[in-house]
Amino acid sequence: MNFDQKGMKKRSITVAYFFENIGRNHDIKLRRLNRVDEQKRRISERELHRPGLALAGFTNLFTYKRVQILGNTETRFLNNHDEAERRKAFENLVRFKVPCIILTSTNKLQPELLEMATEAGVPVYATRHSSTKAMYLITDFLDDQFSLHQQYHGSMVDVCGVGVLLTGKSGLGKSEIALDLIERGHGLVADDVVIIRRKGESLVLNARRNDIIDHFMEIRGLGVVDVKANFGIRAIRDIKDVQVVVELLEWNRETDYERLGLDMKSIKILGVEVPLVQLPIFPGKNIAVIIEVVALNFLLKHYSNYVAAEALTERIRTSIDKGNEQDDES
């Protein structure tokens with residue numbers, strides 16, 4: 001499995017896509033205030049901007065490529081001027097190709113200003129949320145859209161609450177093992193194509209399915225399996241953090257595999273270190289049970305800082321020390 005890929009980022013999204021999708025996974029509803037061609041306007045930056053200085057006439061450093069937020073301060077500034085001055089101030093904003101304007105806290109735009117925005121082709125929206133909350137939710141949505149992401153071949157399963165990514169060469173039985181885990185009560189996130197995202201500088205990796213493949217699986221000799229239809233809603237997950245990578249390997253008698261678990265391996269995915277467990281495959285080995293133990297070991301270390309190999313090593317060391325003391329006394 002090649003995890004050395006740097007990942008990809010979207011360069012931009014249309015304002016139409018932004019308007020249609022932001023309310024799906026975020027608690028914010030935008031109301032359209034004018035009718036313009038939203039496909040022609042694009043958002044290319046995750047940061048937002050409050051154009052107070054631009055409205056006042058200082059546009060030298062105006063970051064017009066960002067979504068423009070008009071809150072209480074900006075709307076009151078406009079309302080405190082007569083119509084001619086309002087138009088002049090608002091012209092400083094709409095003469096640039098801004099992606100869109102969002103009014104927060106149920107603020108309203110004067111009809112003549114809304115007409116100016118429409119003539120300039122600038123979409124205008126309104127939300128009941130305060131500027132602080134609206135900016136938080138919009139930034140979170142744009143963070144997700146412009147996050148580093150990459151597709152990987154494998155299976156992603158929620159095992160005992162731990163996100164486990166199964167990888168390995170094609171034909172080793174990743175899907176079959178994932179199906180076995182599902183039958184044992186765990187949840188499928190994605191099979192065959194796993195999309196992994198990293199938001200900004202976060203060290204958390206999110207895994208999700210390909211929308212076309214959804215929660216279908218291909219099992220050799222059987223065909224396509226609809227996990228949701230066969231096992232019910234409990235057997236699927238929409239998204240899960242990648243917490244452990246389990247790499248399935250072909251058994252090789254000459255290879256020296258880890259036996260104690262003292263040598264903890266890791267692998268970099270999109271610049272984030274993730275614990276790696278390598279499991280050799282051979283007939284008769286119950287991989288599903290072993291993966292459950294991998295997940296439980298992760299939880300033990302995460303919550304209790306307990307590692308079985310270290311505990312056993314300490315017991316042996318203590319026993320040897322006691323034996324040496326008894327020899328010295330005799």
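In case you wondered, yes, glycine gets a Cβ from its N, Cα and C as well.
For H153 (among others), the entry in Swiss-Prot reads active site. Under the three-state DSSP scheme, H153 (active site) falls in the strand class. A sphere of 10 angstroms centred on the C-beta of H153 (active site) encloses 14 other C-beta atoms.
Positions annotated as ATP binding site by Swiss-Prot: G168, K169, S170, G171, L172, G173, K174, S175. In the three-state DSSP assignment, the secondary structure recorded for K169 (ATP binding site) is coil.
Annotation note: K174 (ATP binding site) sits in a helical segment as assigned by DSSP. Per Swiss-Prot, active site is recorded for K174 (among others).
The Cβ of S175 (ATP binding site) has 20 other Cβ atoms within 10 Å, all protein chains considered. Positions annotated as Mg(2+) binding site by Swiss-Prot: S175, E218.
For the recorded site, D192 (active site, proton acceptor), the DSSP three-state label reads strand. Sequence-distant contacts of D192 (active site, proton acceptor), defined as residues of its own chain at least six apart whose C-beta falls under 8 angstroms from its C-beta, comprise H153, G154, S155, S175, N210, I213, M217, E218. The active site, proton acceptor feature in Swiss-Prot is assigned to D192; the stated evidence is sequence analysis.
Taken from Swiss-Prot, the feature active site applies to R259 (among others). Counting every protein chain shown, the number of other Cβ atoms lying within 10 Å of the Cβ of R259 (active site) is 8.
Residues or ranges marked as region 'Important for the catalytic mechanism of dephosphorylation' by Swiss-Prot: 280-285.
K174 (ATP binding site) and R259 (active site) have their C-alpha atoms 22 Å apart, to the nearest angstrom. Using a 10 Å radius centred on the Cβ of E218 (Mg(2+) binding site) and all shown protein chains, the other Cβ atoms total 12. In the three-state DSSP classification, E218 (Mg(2+) binding site) falls within a strand. Between S170 (ATP binding site) and R259 (active site), the C-alpha separation comes to 25 Å. Taking CA atoms as the reference points, L172 (ATP binding site) and R259 (active site) are 21 Å apart.
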